[in-house]
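As written in Swiss-Prot, here are the features:
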{"type": "BINDING", "residues": "LYS106, GLY115, GLU116, ALA118, ARG125, SER126", "note": "3',5'-cyclic GMP 1 binding site"}
{"type": "BINDING", "residues": "ARG466, GLY475, GLU476, ALA478, ARG485, THR486", "note": "3',5'-cyclic GMP 2 binding site"}
{"type": "BINDING", "residues": "ILE540, GLY541, ARG542, GLY543, THR544, PHE545, GLY546, THR547, VAL548, LYS563", "note": "ATP binding site"}
{"type": "DOMAIN", "residues": "534-791", "note": "domain 'Protein kinase'"}
{"type": "DOMAIN", "residues": "792-846", "note": "domain 'AGC-kinase C-terminal'"}
{"type": "REGION", "residues": "1-22", "note": "region 'Autoinhibitory segment'"}
{"type": "REGION", "residues": "51-166", "note": "region 'cNMP-binding domain 1'"}
{"type": "REGION", "residues": "169-268", "note": "region 'cNMP-binding domain 2'"}
{"type": "REGION", "residues": "288-391", "note": "region 'cNMP-binding domain 3'"}
{"type": "REGION", "residues": "411-510", "note": "region 'cNMP-binding domain 4'"}
{"type": "REGION", "residues": "824-846", "note": "region 'Disordered'"}
Amino acid sequence: MRCNERNKKKAIFSNDDFSGEDTLMEDHLQLREKLSEDIEMIKASLKNNLVCSTLNDNEILTLSNYMQFFVFKGGDLVIKQGEKGSYFFIINSGKFDVYVNDKKVKSMGKGSSFGEAALIHNTQRSATIMAETDGTLWGVQRSTFRATLKQLSNRNFNENRSFIDSVSVFDMLTEAQKNMITNACVIQMFKPGETIVKQGDYGDVLFILKEGKATVFINDKEIRVLNKGSYFGERALLYDEPRSATIIAKEPTACASICRKLLNIVLGNLQVVLFRNIMTEALQQSEIFRQFSAEQLNDLADTAIVRDYPANYHILHKDKVKSVKYLIVLEGKVELFLDDESIGILTRGKSFGDQYVLNQKQKFRHTVKSLDVCKIALITESCLADCLGDNNIDASIDHNNKKSIIKKMYIFRYLSEQQCNLLIEAFRTTRYEEGDYIIQEGEVGSRFYIIKNGEVEVTKNGKRLRTLGKNDYFGERALLYDEPRTASIISKATSVECWFVDKSVFLQIIQGPMLTHLEERIKMQDTKVEMHELETERIIGRGTFGTVKLVHHKPTQIRYALKCVSKRSIISLNQQNNIKLEREITAENDHPFIIRLVRTFKDSNCFYFLTELVTGGELYDAIRKLGLLSKPQAQFYLGSIILAIEYLHERNIVYRDLKPENILLDKQGYVKLIDFGCAKKIQGRAYTLVGTPHYMAPEVILGKGYGCTVDIWALGVCLYEFICGPLPFGNDQEDQLEIFRDILTGQLTFPDYVSDQDSINLMKRLLCRLPQGRIGCSINGFKDIKEHAFFGNFNWDKLAGRLLEPPLVSKGETYAEDIDIKQIEEEDALNEGEPLDGDDSWDVDF
């Protein structure tokens, strides 16, 4: 049985609207310059504050400067229980009483603070505070506090990133890789006279001076002074060797530091990454290798032989080369000779050998000689064989071309790798002469075609519509449906060559749940739906902003879900931008494990999202029926969620509210991620506190900026809930501040009945408080999670191809709500009323 049952958790979305508390504080605000003792008291209080626990002294001082002075008389109300809070206060003088439900529970004096939760978001006050005597407070508004945190965080990131750009060892890294390193920077403070590094010691840290000065000594002799922007120790990231100098802080000095261990976590071995980047870029410049898949290029980079050569060395000699087919210069310079005549010089990142890769039987006629000490990557016949398997170069490129074409089409896009490869192998080639009919309008078709060479004309009722050429395709619907062709395709060139596959072959490869899924998805997309054609059957769900109805399309009887969102609720809660963003993101989503939007409507009262109907109920309920999940069950659900979240992250979309309540199961038992009200397209970092408290990552709470890493944390919470039962942090808490406190400082523990070490290890690594150390947040992304030992026996390909048996398949239909149609009119009436004042042009895109 699942222990520690919990109620469904709701998302919160912080905003900084003007509140009654803001108005009240205006009456008590007085200008006063802070004395040194005031600043010290404020700093001490802030350091004990949950949200400020990770800030350095300079950041604490900056926040102290934004504190305002408030004066109260005995009996004055400061904050009121139940009202939305927006200020955090520190008592400067006097006594203040705390009341809960009109009962006095304690008194507070100088140095005490209250209202901490208001710094995080606009939650209701849990107590009333009144001045017992005349007194004064230092206070800061949430909007000011979080805006200051954002400003400090942005300034720090941008400054660190500019320093990273100046370090030559990072020159060949990508923008994403440099950002990874910037996020991994740790600030270290040194006092005057303090040693930063010592000559002869072995080190693994790179230091960049952010503030202050430092002196360089070699053999106790002063050599020079380093200023802001100088860096030292870069070789420590690459090599195990002693420091060549001693460096001592000359004045109070701040350094951004990067250690090799953390760098290996977020990026991998720096030298390997640098060389891999050079190889990948060189291969992508090759006429041959640019036609390889990304996976094949990675395999080549992994198997390439990297060697060091001295100056003036014959690396490859025309009479002695046997297996080498391609070379890439990683460091140094080489000279290329043909028939003993120099034909060019290759520098770092340059490559050579296309002709020998394309024709592997051709004898190597060139000579390659090093001009200075250099490092070369060599690709041999064996490397190519490991990468391509049994295929030759032409066959591999042909396979890749077909794959790139069919992956653009929804009917094939989400086939498993095995299904996709079987389909490609099933393609046959056929030729047509000029004027030949390839398919004829009105005939029932059974073949799908891709144009390999030549051009064809598309005609309908004898009228020419358009011309198709190489890599264009037609006839894909014939693989699923017995229906007449809607147009004719006629060979236009002297000779047209096409790849084709027959329906009978396709149906041997694609069967069962995947075939049913494709048929239903395409049928849904084919149907043109208008609002007046929909008939409501019942209410199947409800949320903060409205209801979800089960409707059917009267002309076709296809059933859909219709999410009805109240305009009044959206406007009153200032969520206009978020509902627009939800529509934009949902409309672009196209993944089998994410809810599919058909179209949107609007009227004077509501917005409407028409989506596919998902009938298997919520994952929240499913895991309660199943009890504690077995490892295979947890693998299935977590793996499915990972594929959906990975799809979003590839498009720079952070979901921000991942939890079992936001995942439905379809009639086959596979997952559907729903409700994109908290999602955001992200460039750089986001700062808004949004999501469900128990599932929030630490970086969301702290307010210093976050990215897609927050969804990885939520995966860890879900996995913990699947396997352990309760939530990992704040399980017994409803007070949001206490939930946040446990997320930031609580110990992660595991029940005695959970003994699988792979599961425990993955949960620990997903629930790492430092995002840069969290599995799935390195440059490898979700690959690290998929290759974790927890998924050691899991078949990702079968999951994608719907070839796994789900843990639970609903008997009949299950919905979060099931309200009879008679109550629907009452629900609709709640959305009606006089329009709210304000600009109504914001919803023109609906």
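Numbers here mean position along the shown chain, with the first residue as 1.
Glycine is no exception: its Cβ is also placed from the backbone N, Cα and C atoms.
Looking at the residues that bind ATP per the record, ILE540, GLY541, ARG542, GLY543, THR544, PHE545, GLY546, THR547, VAL548, LYS563, the two CA atoms farthest apart are separated by 14 Å. Here the CA atom of ARG466 (3',5'-cyclic GMP 2 binding site) lies 62 Å from the CA atom of ALA118 (3',5'-cyclic GMP 1 binding site). Here the Cα atom of GLU476 (3',5'-cyclic GMP 2 binding site) is found 60 Å from that of ARG125 (3',5'-cyclic GMP 1 binding site).
Sequence-distant neighbours of THR486 (3',5'-cyclic GMP 2 binding site): residues of the same chain at least 6 apart with a C-beta under 8 Å from its C-beta are GLU441, LYS460. For LYS106 (3',5'-cyclic GMP 1 binding site), the nearest of the binding-site residues by C-alpha distance turns out to be THR544; the candidates were GLY475, ARG542, THR544, GLY546, VAL548.
When the binding-site residues ALA478, ARG485, ILE540, GLY546, VAL548 are ranked by how far their Cα is from the Cα of SER126 (3',5'-cyclic GMP 1 binding site), GLY546 comes first. Cβ packing within 10 Å was compared across the binding-site residues LYS106, ARG485, and the lowest neighbour count falls to LYS106.
Closest to ARG125 (3',5'-cyclic GMP 1 binding site) in space, going by CA atoms and restricting to the binding-site residues ARG485, THR544, GLY546, is THR544. Taking the binding-site residues ARG125, ARG466, ARG542 in turn, the residue surrounded by the fewest other Cβ atoms inside 10 Å of its Cβ turns out to be ARG466. Within the same chain, the residues at least 6 positions away from VAL548 (ATP binding site) whose Cβ sits under 8 Å from its Cβ are ILE539, ILE540, GLY541, ARG542, ALA561, LEU562, LYS563, CYS564, ALA816, GLU817, listed in sequence order.
For GLY115 (3',5'-cyclic GMP 1 binding site), the nearest neighbour among the listed binding-site residues (ALA478, ARG485, THR544, GLY546), judged by C-alpha distance, is THR544. Classification of ARG542 (ATP binding site) by DSSP places it within a strand. LYS106 (3',5'-cyclic GMP 1 binding site) falls within a strand when secondary structure is assigned with DSSP. According to DSSP, ARG125 (3',5'-cyclic GMP 1 binding site) sits in a coil region rather than a helix or strand.
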